[in-house]
């Protein structure tokens, strides 16, 4: 590769003095830690890790037994056509059957639980490791629905779930993607499977509020089993004046049900796209326009997977690390990645997006707008798209000679390569000295460019051994003035 000779690009007298971590790195670092769990209290309550929250959801010890020892809980279910014999003695008012819409949405809710754990659901009058039933009631007891935990004792009513429908409450008549009726179905099926509320409260028993929560993450941003708004944990699922809800288990629910019955790694084990151009075959994972409302925690069994949020026009923050949250499509903290899940790629939209990769080789595309992109570890492909984009590197190990990142569309005078948070600059204040070739001094940098191939590179010797400890390659030419330290 030939080296550009212009002094504005490579000169023995060109040097950059460290100015400390930049505002771009500050935004990356702040968002990367915004949803950290454990440790210090949040909202005056203990902050629970995913495992702690999962254990608390399972604290009542209720579970179905694997009767045939095949490693899977197989449940049959029916939609009741008449009230059970003790229905009226329980003060439930008038019985009614599920409508076709309710049946279809209940099946989708069950499917979302089967996706994440070793549980199957079959419509049949009986059979399997246990039986579930669905029905409507009319007498309000303060709750919109209720279900029974699977305790193995006489009169436990395990498997039953009931949904309120009367002249004053119609939400359960129209369940659908992202609405409260669908969330209610998913919540009650969670009880039937063995999950409790994240706190010791129940609808109809006093007037519980978030103040009664045991731990900070007891909100609908983390669990469909919670009663409390996601706003309590700094999230916001409101868009275009409407409140939206998860249609499937969220991060803590997924961890809990997998502790109980095991994880379903067969689910989406190939290359899966979530968001626009989705092939996940689930309504809650699919976006079709910038007005789409996504609220989900992704469970994925393997493959090379992509968050495609390219059709959104709003400013977005996308984090590919497991147990992280992202701000997608104008909402806040509405998309998360379940524990144990790896998503390799992320595509931003036309807003000013912030993208954070993980330790693997990611493909990160900012799209239009002035984007900030941090690949993290691994040999990443970074696309800024149109606009003035900043490519941030926080450690020497983020892009090495053995696994260099490649910036696929660098535009000099517009884009930036931000090295300001690398400790040699941020802490040790090592000047960055541009040279034509390494001479054995720490802090030397070589900018190279081949006009014929339009490929360039930035190599830095941090140890003074005349070898590149840090290497990032570019499609397009970078100048000294494009580097930030």
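Numbers here mean position along the shown chain, with the first residue as 1.
Yeah, the Cβs are placed from backbone N, Cα and C, and that goes for glycine too.
Pulled from Swiss-Prot:
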BINDING   187, 191, 197  Zn(2+) binding site
ACT_SITE  188  active site
BINDING   268, 270, 272, 300, 302, 305  Ca(2+) 1 binding site
BINDING   303, 305, 342, 344  Ca(2+) 2 binding site
REPEAT    347-364  repeat 'Hemolysin-type calcium-binding 1'
BINDING   349, 351, 353, 366, 368, 371  Ca(2+) 3 binding site
BINDING   358, 360, 362, 375, 377, 380  Ca(2+) 4 binding site
REPEAT    365-382  repeat 'Hemolysin-type calcium-binding 2'
BINDING   367, 369, 371, 384, 386, 389  Ca(2+) 5 binding site
BINDING   376, 378, 380, 398, 405  Ca(2+) 6 binding site
REPEAT    383-395  repeat 'Hemolysin-type calcium-binding 3'
BINDING   385, 387, 389, 415  Ca(2+) 7 binding site
BINDING   461, 463, 465, 467, 469  Ca(2+) 8 binding site
Within the repeat 'Hemolysin-type calcium-binding 3' (383-395), how many residues are helix, strand or coil going by DSSP?
0 helix, 4 strand, 9 coil
CB-centroid shell, 8 A cutoff, Ca(2+) 2 site 303, 305, 342, 344, site residues removed:
271, 272, 300, 302, 304, 306, 343, 345
Select the closest residue to residue 303 (Ca(2+) 2 binding site) from the following binding-site residues, measuring between CA atoms: 197, 366, 386.
366
Other CB atoms, at most 10 A from the CB of residue 384 (Ca(2+) 5 binding site)
30
If you compare CA-to-CA distances from residue 360 (Ca(2+) 4 binding site) to each of the binding-site residues 369, 384, 386, 387, which comes out shortest?
384
From the binding-site residues 342, 367, 386, 387, 405, pick the residue whose C-alpha lies nearest to the C-alpha of residue 353 (Ca(2+) 3 binding site).
367
A 10 Å Cα radius around residue 362 (Ca(2+) 4 binding site) captures, of the binding-site residues 344, 376, 378, 386, 405, exactly 344, 376, 378, 405
Across 367, 385, listed as binding-site residues, the smallest other-CB tally within 10 A is for 385
Beyond the site residues 385, 387, 389, 415: chain residues whose C-beta lies within 8 Å of the centroid, for Ca(2+) 7
366, 369, 370, 371, 384, 386, 388, 409, 411, 414
Going by DSSP assignments with H, G and I as helix and E and B as strand, what are the residue counts for the repeat 'Hemolysin-type calcium-binding 2' (365-382)?
0 helix, 6 strand, 12 coil
Nearest to residue 349 (Ca(2+) 3 binding site) by C-alpha distance, among the binding-site residues 187, 376, 415, is 415
Report the residues of the chain - excluding 367, 369, 371, 384, 386, 389 - with C-beta within 8 Å of the mean position of the site's C-beta atoms, for the recorded Ca(2+) 5 site, in sequence order.
348, 352, 353, 366, 368, 370, 383, 385, 387, 388
Separation of alpha carbons, residue 461 (Ca(2+) 8 binding site) and residue 415 (Ca(2+) 7 binding site) (Å):
23
